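As recorded in Swiss-Prot, the features of this protein are as follows:
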BINDING   Cys7, Cys10, Cys33, Cys37  Zn(2+) binding site
ZN_FING   7-37  zinc finger
Amino acid sequence: MARWNVCSYCGREFEPGTGKMFVRNDGRVLFFCSSKCEKLYFMGRNPRKLKWTKAFQEARLQRAKRRK
């Protein structure tokens, strides 16, 4: 079975054959699950500030642990 890809922006897993793969000039490969993630990445938006991304959810858990 093929390995699932992980979106470079939101952190969501998605099936191979879907989404987009972008290769930067330095050789780094970025996977995007949707055009929404792709556009937000190229616009320079920080995924830690958007509630629906995995990066935001992980940052929120870390903040909650620090408060205790």
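Cβ coordinates come from backbone N, Cα and C, glycine included.
Every protein chain considered, the tally of other Cβ atoms within 10 Å of the Cβ of Cys37 (Zn(2+) binding site) stands at 25. Neighbour count (other Cβ atoms within 10 Å of the Cβ, all protein chains): 21 for Cys33 (Zn(2+) binding site). Model confidence over the zinc finger (7-37) is summarised by a mean pLDDT of 96. Apart from Cys7, Cys10, Cys33, Cys37, the residues listed for Zn(2+), the same chain places the Cβ atoms of Ser8, Tyr9, Gly11, Arg12, Phe14, Gly19, Phe31, Phe32, Ser34, Lys36, Thr53 within 8 Å of the centroid of those Cβ atoms. All protein chains considered, the CB of Cys7 (Zn(2+) binding site) has 22 other CB atoms within 10 Å.
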